[in-house]
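Step one of this worksheet: look at the structure below.
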Amino acid sequence: MPKRDDIKTILVIGSGPIVIGQAAEFDYAGTQACLSLKEEGYRVVLVNSNPATIMTDAEMADKVYIEPITLDFVSRIIRKERPDAILPTLGGQTGLNMAMELSAAGILDECNVEVLGTDLTAIKKAEDREAFRDLMNELGEPVPESDIIHNLDEAYSFVERIGYPVIVRPAYTLGGSGGGICHNEQELIETVTSGLKLSPVTQCLLEKSIAGFKEVEYEVMRDANNNAMVVCNMENIDPVGIHTGDSIVVAPSQTLSDREYQLLRDVSLKIIRALEIEGGCNVQLALDPDSYNYYVIEVNPRVSRSSALASKATGYPIAKLAAKIAVGLTLDEVRNPVTGTTFAHFEPTLDYVVAKIPRFAFDKFEQADRRLGTQMKATGEVMAIGRSWEEALLKAVRSLEVGADHLLLEEAENADEETLERKICFPEDDRLFFLAAALRRGQTIEQLHEKTKIDLFFLYKLSKSIELENRVKENPQNEAILAEAKRAGFSDAFLATCWNIDEQAIYDLRKAQNLFPVYKMVDTCAAEFESTTPYFYSTYEEENESTRSAKESVIVLGSGPIRIGQGVEFDYATVHSVWAIQQAGYEAIIINNNPETVSTDFSISDKLYFEPLTLEDVMHVIEIEQPLGVVVQFGGQTAINLADGLAKRGVKILGTSLEDTDRAENRDAFEKALEILQIPQPAGKTATSVEEAIKVATDIGYPVLVRPSYVLGGRAMEIVESEEALKHYMTNAVKVNPKHPVLVDRYVSGQEVEVDAISDGENVLIPGIMEHIERAGVHSGDSIAVYPAQRLSQQVKNTIVDYTTRLATGLNIIGMLNIQYVVDGEEVFVIEVNPRSSRTAPFLSKITEIPMANVATRVILGENLIDLGYTPGLAPEKQEIFVKVPVFSFAKLRSVDTSLGPEMKSTGEVMGKDVTLEKALYKGFVASGTTMHDYGTVLLTVADRDKKEAVELAKRFNRIGFTIMATKGTASTLEEAEIPVSQVKKIGENQETLIDYIRNGQVTLVVNTLTTGKRPERDGFQIRRESVENGIPVCTSLDTAEAILRVLESRSFELESMNASEVKQPKVRV
């Protein structure tokens, strides 16, 4: 069937900011789709609110709108651009929900816009829990016994009939938001209340729990001719009951018999045909391990996280082909880009095993509930490929960057029996390590199977790894054992620990017996057809399929799994760096292990190595490729941390030298450099012991900012106000010793300013200066950034440009650097310099039209800024105003405090752009999911130090018609200032308290600043959590509250009676 020529313009809806449950996989899908549609000659219009994505680059679509994905803004774009069709199935849950809203509001009919890929009826049948259940009943496919509920009473009657445990699944939500398994009435009340609030249609499915069944997924494709095929099937190691995004996954499935595989395959194809989906679809099934009984769990009628994993696991580009199918092409007409000879309807065949392990942010959120269930909690994931399950699993473990290079975690090994049992029976993010610890202590695989319902096959494989571990320890430096261990995926670092020698000695042993990995190709067809895919994985076998080309090459290190502090921004920079290397005439090679990202799309680089980012694994690639050098500036802290080890092994680090990187990151060296350059910084010193830290703090005066050196995302950073608090931090948050010093600085509560710059060693280009709305003390990644700076004098800007130029040249930076300053009056202090790409680089690149990672790479490769056409100094500022607003995933992470401070907590970001700051902020807030009410009630409960400032804010809220509620202390201060206020009871008082008002929806905005001390801290935590659970915006910084207020004031009008001159009435604004 030829592609459609009756449509010319297609609107692609992106997925918005990165949140838990919806990460970089949709940047990958959207980028593929836009390029695929342009390839077919269509005019592509894209809307997405996330500036940190490749898909929002101007080259990706004919028109790119970085605007909020809301009914209001998308409708405006449709009316302006008049697309013939929209493609919503590549923008995750956000895209699907937007399409449903546009349809319900009548916009699609009004503007005569067709929905491509999967029609809205099919989306409704898959997403609406009741319609889905009815369809399955029609098809004769079993679903767990269930009921649709819209309130708690309906939930009670279902439980009376079925009994506990039950699973709650809210309709039209992402990553199982609001869902969970309930074992008792208390859990039922909490989960159902939360689920109904989070479902846009106030609907949940309550179903009988089938926890313990095997969970299997099929990634399927179908075209308009009803051709359907399976791209990949995947098996969750964890049984049903743990969200698939939080499960360890293996592809292809390892424990299904042929009969089981074919049974579930047939079901998946039957469902995609019944839904008449044109494109990709994910079917999740539960299989009884003791019979052939199965249940259909759910269907995602769109490209999903699993699609990205299936694409990378097989090499089959699902999103690219789904876009082609959406415009009428069929599977038997489109060539498979991997082989170039076969067509897309050939089902991929795998001659290797793929393991995916999720990455969690619990290192950032120590208070979070780590227990896994049906609501997703992982921020990202890693993937590894091997010839066996054991090899793939161990490669994935060392890709995680959780301080383990093997199935060995100190915490698990040292756990008492009670903790060990709890961690095994009630799964948390680190259960894999506790299973290994239990096997080491002599528990049998049958005992573990009984407790976990994990298939005996996987437990047997784990036990084999532990057995091999024991033989390694018993046979130091034995050649045969070494070879066996390497084939099983053991790392040199772990072997070195076993044999009590250093890692280099292991390498020398391997070199002596020529024991090195070879690289195999991912080709979708298990070598049945000729393939030229430049996509490789390592394994210990005979034949090597990766050959070095005659062209000089450069290796770029990726940033690994997405986590808080190191997100998709670094992947964005990696991809741009690769393109720049290719433009400069070199072969560009990527090493990375994240299946969600654009950088691991094999069509991006000349060669892709899907490998752990460890010294050993990277060195193997370097040895085979012999590159000109390695670029580490764009892979976040992951890549920077490898630079030292690589340089010691004789590898050329391109760009800023290792010594100069160390001068920026090592506190003492940095202080000396600042002294020479005569640039001020807040007073502070390095401490290598608790006593030393107390002395430094006493000398410079409290409050102080304390943090470990060499850190990304403000890990373990805190503002400390007393000696007692400092002692607590030093003993609990960090392991301080001479090797790992702690930095103690005077805390300057000024205005924070951030600068990204590019230096060629002589000239320095500053694309822009961004100011933060929140004052210093809130992590830069969690602050609202504004460009161009609105509150800085010309003198301060000149000082910042001068300091930035001096720092870049004085530290011999070649490439990118990011500097954070704090401005106090007209004084400018340097807080820190990062000699690498930053998380603001994509934002600044988009708005200044200076492709920073691209330019920096050209400079790293030896060109200079003037020859590249750039004038040194500050680039001319744009007329429009741009804001970068952080986005948080607090709703997914219960028991995490939402208060902002020096430790980063946001998972993503959005951009707002307009002609005034207020309009740009409005777009930013709306895009981030903040509900902007033009009237309502503001609840104020602030610390004593903030009360004076809160009076001014309350006056302004009152002036535009808001009612003010406050707790006793804050209310007294407001009454003294003659501001109308209703006093509410604190938590623990007998009558109706402020928590009741929040729960009953009587509050529209909460402003709550941190009080130090135990009780108020606990109360504040509960206020903030209740606000998040009930979807109420909560500001823990008065600066954020003021920004929201500015927006509300700009949307209100003056109202004054005509006879105001007779009796002076106060003005009211609405």
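Glycine is no exception: its Cβ is also placed from the backbone N, Cα and C atoms.
Noted in Swiss-Prot for the protein shown:
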BINDING   R129, R169, G175, G176, K208, I210, E215, G241, I242, H243, Q284, E298  ATP 1 binding site
BINDING   Q284, E298  Mg(2+) 1 binding site
BINDING   Q284, E298  Mn(2+) 1 binding site
BINDING   E298, N300  Mg(2+) 2 binding site
BINDING   E298, N300  Mn(2+) 2 binding site
BINDING   Q820, E832  Mg(2+) 3 binding site
DOMAIN    930-1070  domain 'MGS-like'
REGION    1-401  region 'Carboxyphosphate synthetic domain'
REGION    402-546  region 'Oligomerization domain'
REGION    547-929  region 'Carbamoyl phosphate synthetic domain'
REGION    930-1070  region 'Allosteric domain'
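Annotated features taken from Swiss-Prot, shown on the structure.
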residue: R129; record: ATP 1 binding site; contacts (Cβ under 8 Å, 6+ apart): S146, I148, R169, A171, Q203, C204, L205
residue: K208; record: ATP 1 binding site; contacts (Cβ under 8 Å, 6+ apart): P144, E145, S146, I162, V166, I167
residue: E215; record: ATP 1 binding site; contacts (Cβ under 8 Å, 6+ apart): E235, N236, D238, P239, V240, I242, T244, S247, Q284, L285, A286, I297
residue: E298; record: Mg(2+) 1 binding site; contacts (Cβ under 8 Å, 6+ apart): A126, F132, R169, Q284
residue: N300; record: Mg(2+) 2 binding site; contacts (Cβ under 8 Å, 6+ apart): A126, C281, N282, Q284, S306
residue: Q820; record: Mg(2+) 3 binding site; contacts (Cβ under 8 Å, 6+ apart): E752, V753, E754, V755, S780, V830, I831, E832
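The sparsest Cβ neighbourhood within 10 Å, among the listed binding-site residues (I242, Q284, E832), is found at E832.
Counting residues per DSSP class in helix, strand and coil order gives 64 helix, 23 strand, 54 coil for the domain 'MGS-like' (930-1070). Residues belonging to the region 'Carbamoyl phosphate synthetic domain' (547-929) score a mean pLDDT of 92 in the model.
Secondary structure from DSSP puts R129 (ATP 1 binding site) in a helix. A strand conformation is recorded for Q284 (ATP 1 binding site) in the three-state DSSP classification. Mapped onto DSSP classes, the region 'Oligomerization domain' (402-546) shows 77 helix, 11 strand, 57 coil.
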